[in-house]
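Report on the following structure.
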């Protein structure tokens, strides 16, 4: 009799086998017998599926890396890369455990990266595990930690991750930026914690310090806005014999926030917003001129809320008076009177300060300010002192023993700093107070006497005087405009009808004539609609650019007023710096910092010079212009619309850092103001937005349009005014749009970019820039992004970019543009500031 198979028994055995396999190999671990290969597309996922580890190749690169990214977030965001400086050259790569180490092998079975653990029992089995906080661990069979990725950060600090020093081993955990947004290899920027008596963070470019966080004051790093206390974020700073580290913890579930050093050197706090499905920038550093390291030199401090930005501490004077007058405070300040160190020295208190660089400090956390002051007076090297901890009214003592530098004053926040002064400087203060009291009594008597005399004179008046007031619509002469700007030899400038004084040095006409070789043609740098720009050299050797306004231009005087009023208020690394002005003998001149590499258009559209603009330089220029425009629109004290952004108005310094210039057509907007209307359209055709050129409506989105045109010009090396098809009906915008629609947009890229990159051609990065440029030049203003969004898109390859709509002014040439082409000026200089348009739709 034939037996019947026991299907139930077979199924039971099969089920047991499946369960055994499921539990024996966890998806968040890698055992000694397992491996990850690129070809298998296998990854390791953390228990709650927050993070994922695996191989990736950025954009269209052929290089492969082992990395960790957010799995729970739809936008691919990398937080750690293992072999960032040793990528796999092909898709044949393997991660496995070899001995006590994690090792990546290439196609020839050669190791390209390893955890490099030495010693230990190689016979003890080890396993790797990915945790929900993003940490990748290697443990032995006794659960002893052998290695963790948190000790080797790349460009991102996650929650529970430590940044700083392990004092026992001397190992320093630092953040280092990607080289570019598409290249994970080590970039030039780093963020690291320097150990001193009073530790603080630096952002460095190679070995040069760019930014200093200020020391930990018990609650936060004194100049880092991101350490403001919020209920869901807990910050921790530890300074002990074992470690000097900074970390943070998130108390709210399903909240993802990271500290990120981008490829442009900005340290950003980014938080994921589920509602918008995007990373939002909560803060970044460095942000303004005063964040730049030691911008005001020794014994000088910076104040971004006033002008000039650099000031000497009371009792000090500038080392270089002329450079100081020209707003270059880097030489710093020196004492007016030397310290006596005989017990008679005293202190001046500076409020709301970022404490100075702490490289040379002595810290005692057990004493208060009174004893701290006494110790400072006992030490002839002591230059200043302050509380070490601001909590509970302040405690502890920190003493500076060398020149103090890199200070700034805040409108809110900061802490008190006590700077040592000679007794003579303190005596001057006492004498001044006595003089003030005596003068007040004398002035009161004088005012009373003056009132009596004035009253008597008024009664003697026999006739009234009629003052003729000119019509406000009359064109004012150039001489009358001198009264609009009050400039004294002490360097104070005020706007008409306002009591606001702006520090602006006044230079003599004779001095400028000497500096420019009597305005020689050999010194001529360029010519615009309002005058000529000359190169000059002052007696101290400082090079300057002198903009001499044309006497024949009625609008040149308006431009002069506008430029003085606006640029004097602006301080940013990507904006040209106004050093002074000249109002003398009917002449009006503006004095700027001299920028060695002249304007962007002189490089971009010149066949010889353009060869020096490889893609990395062009990308840096794009980012710099975007940062400058973002500052104008969002971060400056007054919102400013430039209205004439173009290649010839972007200047380049010796390091090819771009600086936006020419603010003669700019307008100030209120914080709640979104757009304005004008009957006098000014700007340059080819860069003007449709709504501005046709209807006189301008806004921040008008500048965004100009930026988009400029971005596409930088990528293509072509002017927007040319025609780029056989029918001569497509300008640059139409040319790029057609190639975008056809899917062959890389054909618009300047061949120099391709030649300079060879095998490292960052296709994905360039495509992103083209797409961002098209977003900026969309026909409808409401469709264009704001500059803060542009910066995020430029700085992160993981940010989703919308599909662009049709650009404005992409086909043909307008009649007005045709008319303007008859000018004898070059196309890029042919502005429409001499044209007045009638706008029917008044708003």
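The backbone N, Cα and C atoms fix where each Cβ goes, and this holds for glycine too.
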From 251, 518, name the one Swiss-Prot lists as N-linked glycosylation site.
251
Tell me which of 608-625, 626-643, 644-661, 662-679 corresponds to the region 'CaM-binding' entry in Swiss-Prot.
608-625
Under Swiss-Prot, the annotation transmembrane segment belongs to which of these stretches: 373-393, 394-414, 415-435, 436-456?
436-456
One of the glycosylation sites 41, 92, 251, 381 has its Cα closest to the Cα of residue 236 (N-linked glycosylation site), namely 251
Inter-residue Cα distance where the pair is residue 381 (N-linked glycosylation site) and residue 92 (N-linked glycosylation site), in Å:
62
Surrounding residues of the region 'CaM-binding' (608-625) on its own chain - C-beta under 8 Å, 6+ positions past either end:
180, 264, 573-574, 600, 602, 645, 650, 652, 656-660, 707, 710-711, 714-715, 717, 750, 752-753, 756-757, 761-762, 765-766, 769, 791, 794-795
Reading the DSSP string in three states, the entry for residue 236 (N-linked glycosylation site) is strand
Neighbouring CB atoms within 10 angstroms of the CB of residue 116 (N-linked glycosylation site), all protein chains considered, total 9
List the Cα distance (Å, whole number) between residue 251 (N-linked glycosylation site) and residue 41 (N-linked glycosylation site).
34
Lowest local Cβ density among 41, 92, which the record lists as glycosylation sites, within 10 Å:
41
